[in-house]
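Please see the structure below; I have some questions.
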Amino acid sequence: MAGYEYVSAEQLAGFDKYKYSAVDTNPLSLYVMHPFWNTIVKVFPTWLAPNLITFSGFLLVVFNFLLLSYFDPDFYASAPGHKHVPGWVWIVVGILNFVAYTLDGVDGKQARRTNSSTPLGELFDHGLDSWSCVYFVVTVYSIFGRGPSGVSVFVLYLLLWVVLFSFILSHWEKYNTGVLFLPWGYDISQVTISFVYIVTAIVGVEAWYEPFLFNFLYRDLFTTMIIGCALCVTLPMSLLNFYKSYKSNSLKHNSIYEALVPFFSPCLLFILSTAWILQSPSDILEMHPRVFYFMVGTAFANITCQLIVCQMSNTRCPTLNWLLIPLFLVVMVVNLGVSSYIESILLYTITAAFTLAHIHYGVRVVKQLSNHFQIYPFSLRKPNSD
């Protein structure tokens, strides 16, 4: 497995023909963030590789996740009567979240500035973004947590899936239309949440206990914003873009089956993980919510990365992701009835396996594309320039 090649010869040939095509119509992005990023990118030295900027931003998101995992392991820290997360932690998380968002916006500009844009850079960027979804959502959850003033772990599980499907929707669009329509919700959510983290440090989590309007709590506003953005903005715009491509006869896949193939594995992941939760003899989501979220988010990231490879190489998306096979077996075992201890062992084992498998996939794909394009992933030097 150490030298396994995930990218086929057909896909490598497809990457040679790839040209980046994206559309960003978000007013916040166009008129506020892009001018800001154009200024910030000038601070970076021209020898700094764009992929290093991308990876640094991702590491900040992971750090935030780990920091709150320490101070709020079970999502009870924001509940009344519990020891709250220190105010300085919210400030650090808020600043680092905005810095990570800024780095994600600057990396592409650095690539164009240094004339080092490659398909690997885009794949690296979007691939890490797909894994960042779970880190971002789970970290935000600590603002409200669970308890009488918070959100149940199952509701957060459903909200996580709303975010995951919103993310993959834009890449499904590109798989069918050839154009990446950047979602509006991303920029709005990143700026808003960074601000909310700082506000939480100032007013304390107790401020979120009070009603926002009449009996409408802030936790309800949080839930409504995520679902409303997905149903009222992201989904309609995706369907509209798909329809426009259909009317102009520019769709890459003419059959309904081929057009919908990218959704098969994510939907199966949702069905299997939800079945595990509902059939769990020990209420696994209540016992280990953070680990369960991470397991789902990591499997989703692997599925999405394979879709991104296919869309960029103009090849067919695989119908089934192999990570779903061990998950199916685990769900079957759980359904037969196991002790709480054994079920916990199964969860931690499959989470570790998914994590190692996804890291292996990412490292090997980056290695293959680096060799193919004769570049170093974290340097602007070429191998033949040594």
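Placement of Cβ uses the backbone N, Cα and C atoms for every residue, glycine included.
Heads up, here are the entries from TrEMBL:
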TRANSMEM  47-67  transmembrane segment
TRANSMEM  87-106  transmembrane segment
TRANSMEM  127-144  transmembrane segment
TRANSMEM  150-170  transmembrane segment
TRANSMEM  221-243  transmembrane segment
TRANSMEM  255-279  transmembrane segment
TRANSMEM  291-310  transmembrane segment
TRANSMEM  322-339  transmembrane segment
TRANSMEM  345-363  transmembrane segment
Taking contact to mean three or more C-beta pairs under 8 angstroms, with sequence separation of 6 or more, is the transmembrane segment (322-339) in contact with the transmembrane segment (221-243)?
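Contact criterion not met.
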Are the transmembrane segment (255-279) and the transmembrane segment (150-170) near each other by the rule of at least 3 C-beta pairs under 8 angstroms (pairs 6 or more apart)?
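Between the transmembrane segment (150-170) and the transmembrane segment (255-279), contact is present.
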